[in-house]
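Some notes on the structure that comes next.
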There are 4 protein chains.
Amino acid sequence: MKKIAVFTSGGDAPGMNACIRAVVRTAIFRGIEVYGITYGYDGMIDGNIKRMQSHSVSNIIQRGGTILKSARSESFRTKEGRQKAYDQLKSFGIEGIVAIGGDGTFTGAKVFFEEFGIPTIGCPGTIDNDIYGTDYTIGFDTAVNTALEAIDKIRDTAAAHDRIFFIEVMGRDSGYIAVECGIGGGAEFVMVPETETDLKKVVKSLKNLRKSKSSSIIVVAEGDEEGNAELIMEKVKTKVNDEDKEFKVTTLGHIQRGGNPTARDRVLASRCGMAAVEGLINGESNCMAGVVNGDVVYTTFEDCISKTKALKGDHLKLIEILSI
Amino acid sequence: MKKIAVFTSGGDAPGMNACIRAVVRTAIFRGIEVYGITYGYDGMIDGNIKRMQSHSVSNIIQRGGTILKSARSESFRTKEGRQKAYDQLKSFGIEGIVAIGGDGTFTGAKVFFEEFGIPTIGCPGTIDNDIYGTDYTIGFDTAVNTALEAIDKIRDTAAAHDRIFFIEVMGRDSGYIAVECGIGGGAEFVMVPETETDLKKVVKSLKNLRKSKSSSIIVVAEGDEEGNAELIMEKVKTKVNDEDKEFKVTTLGHIQRGGNPTARDRVLASRCGMAAVEGLINGESNCMAGVVNGDVVYTTFEDCISKTKALKGDHLKLIEILSI
Amino acid sequence: MKKIAVFTSGGDAPGMNACIRAVVRTAIFRGIEVYGITYGYDGMIDGNIKRMQSHSVSNIIQRGGTILKSARSESFRTKEGRQKAYDQLKSFGIEGIVAIGGDGTFTGAKVFFEEFGIPTIGCPGTIDNDIYGTDYTIGFDTAVNTALEAIDKIRDTAAAHDRIFFIEVMGRDSGYIAVECGIGGGAEFVMVPETETDLKKVVKSLKNLRKSKSSSIIVVAEGDEEGNAELIMEKVKTKVNDEDKEFKVTTLGHIQRGGNPTARDRVLASRCGMAAVEGLINGESNCMAGVVNGDVVYTTFEDCISKTKALKGDHLKLIEILSI
Amino acid sequence: MKKIAVFTSGGDAPGMNACIRAVVRTAIFRGIEVYGITYGYDGMIDGNIKRMQSHSVSNIIQRGGTILKSARSESFRTKEGRQKAYDQLKSFGIEGIVAIGGDGTFTGAKVFFEEFGIPTIGCPGTIDNDIYGTDYTIGFDTAVNTALEAIDKIRDTAAAHDRIFFIEVMGRDSGYIAVECGIGGGAEFVMVPETETDLKKVVKSLKNLRKSKSSSIIVVAEGDEEGNAELIMEKVKTKVNDEDKEFKVTTLGHIQRGGNPTARDRVLASRCGMAAVEGLINGESNCMAGVVNGDVVYTTFEDCISKTKALKGDHLKLIEILSI
């Protein structure tokens, strides 16, 4: 293997830069030329491909976002688009690919590999932690800590005014962020898509709070089946029906995607990036490099995409017990 | 003066605890007994009044929120309510009051003083910085830095995807937070209630951005006359009318009220708290202790409430020049 | 089991409060009375033992330090001291103990259990991560992130002046903190007690840096066999012998012990605390509740104390490759 | 004026990048070509001078350090060196200079202007806040907040173990950082070069602490006349002479120079940078652009260098009162 390329795709996640750095430097260390593709699959199609050196990735390990930019590509969903992408890669002599992203990224990579056969390894870059084949995804730990810091701040003001706060965190199909920052933030309730949300229980509990004299934090994953935080707050408020209680909603939004990555995310990103390049050298392909139980593991794209990672059951129990 | 009381009222602000601490310890240092009233004017009416010692305020200088809780009071707007409050204070022998809060708090304090004559001094505790008689209010610096950190994070993800972000910050009648975090965050535009917002200019500028290849940050004070960030984004999006451009909105919300106060807020809060007590001892009353041009100044409640503090003209110019 | 007690001992670690909270609330949830012992084993001997309620642990999950205080006890090393401790516990009717701390804490707990037979479970609270029986210790993740933020700041100034910085982090017998913040901080070298430090290699590499025109970060665990950061810097400086190069040392010190715990530490602390109480109820004793490969595991104190947890071999390799 | 140059010199300070950005963009906005000189006066002599565009300063406002690097120059102290520097500037056609730095930088700039007459304006970039002609220097607010966060963390661990901590902060000739983070951190004592340090009082106070049962924080400016924190701790420890008390020292060191600048520093840096360019256009020279009482003011280099800015007297009083 003489030349490889790396790109980021899908929603950006803190730690993607640390992963790019690891890919670039491991490749150079192993005597492989490395190219960066900007704007994901669109950039592949358009030939936005440039040689990277060791210094190209200096001073980026601590930065959020991605120096290779990211995008979601419509063209790559077509055979024609993928053919163009292949032609571009061929013209550069690319013999291996590292794809940093989530489920959508890997789905594209799998199709592309099966059609054109360029060896490809993925790295799990998404804040949602919803990818099978790795205990944690790159960006998850940072997103949770960002959400947690926000909850800590909101608790200050909730406590000062005895308010009931519904805080919406990211997670369309996954409650991982909600659960971890709910435990860490000492939330009274956490509502996630994986389990049925029992609003009656919440209403009953809030009614029992001493008259307008105590604050509560309720963390809602954006994909909860009862609706977003605003909707859920309205339902609960109507049923609690107590003028002395103040209900507030905060939607944390895109701050969860940015920020300097935590130590955990930088280390994970570095390990996955190195493992992706080592994997390509050792003949692995059509799979993702993740970390399971502390060790690097390669899992087929097929499994990453089709299998789901369950929430830890004891985590929801933890919240119930610790919020008494 | 042998006994004084302190309370917080209105929206909470980081640094209120540092201010309470300064009031309590300065009083004790000067040989005065000091009482804390919880829940603002409501607590005064209900007699939620307790003796405080030096250790009552240990380890709170770094905490957001207010240990004395805060509330907005309907009862205190009535003569009857204020009479009850006066009776409570009398029964404790309170001879002086320190009121930490904003315009609403001072309006209540002024009426109360004029009716019952208990010497009262205010401390400017509000994140909005919209109070005449002090260069900065307690909590403003922390709120700006919290908003700025959020903008830094959002810039990471905006840049990764070349998105246009409208970020709503607090400020119903005042653009202070928006302007300072707009300058500090390198925003392309800042929209504030004090000046007419020129959406045409914004639209024109965004149209000129290279096709879907560059990010922009627009900071909107919640009280802008064109509407909140969501509304303004929709107006702009419709007029830009470019499918390749992605528009996003983030409303920072209540995280701006919480968090550990910055150094500046802790120092300001400490100075104002001490000055309030020293002022009471020296016969000042019906006024606020603020810091103007580096020195403690007492300004009548009348002036604090009726006069307005203008935005620095050169600050808006700064944003125009520096965002080129 | 009707009454249990909890205490913290040894060096404090961020997350200890979250662990205390979990112990207290799980106990109450299970119908058990719970007591807090202040100042560790000394407090046990002196009878500093108080009933705790659910609200005793409100609003502490986010705080560094330990509300139960910590101390190292000389008296508890004597049979006489331990007899007194036992008598105190008996007088309160304590039937189970949760001990939060590190190796030294568990050694004491083991001896005490073997002598007096009160069921005892430990929780791994130490920033050093040097305890067998848990993948991570409570406080480690926070300490690493604190050290990493410091390294990020120092890199700013190192880069501005092209300086060579030796940064000393905690770890008398263990290089865990050094390795993780070395990887995360993009350090050029990491020196740890577990492996032989090759100063010649460092000297050679620094000589090759372009003349006074490039910065380097070297992370040193305080227990490295070549000495502390100051000593190592002097050795290296003498051998590099280049006037144009500026060498600086920063010893991070006790800031690594404090600060709000990270999400990871709060979740780990909560799980271990809950598991300790559940373990006592289920008849476990003389062991520690840790988390291995994502699941709660009980490991005998014997094993925790006598076995050592090796550094991941690929981590040091990672630094070598990624710093090129 | 058609062409100007900008450089940073002396110790780096957070906000220097924001200042460079403001200089570059204001110049371009005013139709002036702008050049960046790397490595301060050395770079001027060596001709390390490059044209800068608007995008050269994109995405740097939030970064610590300085993209133009900094250095202290021996050569510039010689007439020969300055002649070379002048020749270099002439060859580029530079007609005006913005010098970002502290006293040493301005001393060099003054001599150079008096010899060669190229109009020069300074911006106050130093964490020490020891420059006459501006209420605050660029970098001071960030340094204070960094030191304060460290003190907050150390207080956690100090309280857990009832320890007495001596914390050394930067400030060779100036106690500004020590005083502000002392007030903000709730320190029991602050020792600064501007006032005589009364160790007897400290010893007496520490002796009165309940036997080994209470923590204290003492902030020491590195330039205190009694020595550095280590020395002072030893003196105090010897005189307190109490085995039950634990004394610890932490020297914060270079972390105070780095880090993302605070809002205040970014705004100040932006205003000074813009004012420097506007000043050059308006014929100002041989002076510094600072902010006094909220407004931009130009002060002659002569005054900046020769006059001193006194500590606020009431600040030291504040610490005495609030630490009771």
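Glycine too: its Cβ is placed from the backbone N, Cα and C atoms.
Pulled from TrEMBL:
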type: ACT_SITE; residues: D:ASP128; note: active site, proton acceptor
type: BINDING; residues: D:GLY11, D:ARG72, D:SER73, D:GLY102, D:ASP103, D:GLY104, D:THR105; note: ATP binding site
type: BINDING; residues: D:ARG21, D:ALA22, D:VAL23, D:VAL24, D:ARG25, D:ARG155, D:GLY186, D:ALA187, D:GLU188, D:LYS211, D:LYS213, D:SER214, D:SER215; note: ADP binding site
type: BINDING; residues: D:ASP103; note: Mg(2+) binding site
type: BINDING; residues: D:THR126, D:ILE127, D:ASP128, D:ARG163, D:MET170, D:GLY171, D:ARG172, D:GLU222, D:LYS248, D:HIS254, D:ILE255, D:GLN256, D:ARG257; note: substrate binding site
type: DOMAIN; residues: D:3-279; note: domain 'Phosphofructokinase'
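For the binding-site residues D:VAL23, D:MET170, D:ILE255, the greatest number of Cβ atoms within 10 Å around a candidate Cβ is found at D:VAL23.
Packing around D:ARG25 (ADP binding site) is summarised by its Cβ count: 26 other Cβ atoms lie within 10 angstroms of its Cβ, all protein chains included.
If you take the CA of D:ARG172 (substrate binding site) and look 10 A around it, you hit none of the binding-site residues from D:ARG21, D:ASP103, D:GLY186. Counting every protein chain shown, 23 other Cβ atoms lie within 10 Å of the Cβ of D:GLY186 (ADP binding site). Ranked by CA distance from D:SER73 (ATP binding site), the binding-site residues D:MET170, D:GLY186, D:LYS248, D:ILE255, D:ARG257 have D:ARG257 at the top as the closest. Close to D:GLY102 (ATP binding site), meaning Cα to Cα within 10 A, are the following recorded positions out of D:THR126, D:ASP128, D:GLU188, D:SER215: D:THR126, D:ASP128. Among the binding-site residues D:ARG21, D:GLY102, D:GLY186, D:GLU188, D:LYS248, the ones with a Cβ under 8 Å from a Cβ of chain B are D:ARG21, D:GLY186.
Comparing D:THR105 (ATP binding site) with D:SER215 (ADP binding site), their Cα atoms are 42 Å apart once rounded. Taking the centre of the Cβ atoms of D:GLY11, D:ARG72, D:SER73, D:GLY102, D:ASP103, D:GLY104, D:THR105 as the ATP site, the nearby residues of that chain (Cβ within 8 Å, site residues left out) are D:SER9, D:GLY10, D:GLY40, D:GLY101, D:THR107, D:GLY108, D:THR126.
Other Cβ atoms within 10 Å of the Cβ of D:ASP128 (active site, proton acceptor), summed over all protein chains shown, number 24.
Largest Cα to Cα distance within the recorded substrate binders D:THR126, D:ILE127, D:ASP128, D:ARG163, D:MET170, D:GLY171, D:ARG172, D:GLU222, D:LYS248, D:HIS254, D:ILE255, D:GLN256, D:ARG257: about 33 Å as a whole number. Sequence-distant contacts (6 or more apart, same chain, Cβ under 8 Å) of D:ARG72 (ATP binding site) comprise D:SER9, D:GLY10, D:GLY40, D:GLY104.
D:ARG25 (ADP binding site) carries a helical DSSP state (H, G or I). Cα spacing between D:MET170 (substrate binding site) and the residue listed as 'active site, proton acceptor': 7 Å, rounded to the nearest whole number. For the ATP site listed in the record, the two most distant Cα atoms among D:GLY11, D:ARG72, D:SER73, D:GLY102, D:ASP103, D:GLY104, D:THR105 lie 14 Å apart. Note on proximity: of the binding-site residues D:GLY11, D:ARG21, D:VAL23, D:ASP103, the one nearest D:THR126 (substrate binding site) is D:GLY11, by Cα distance.
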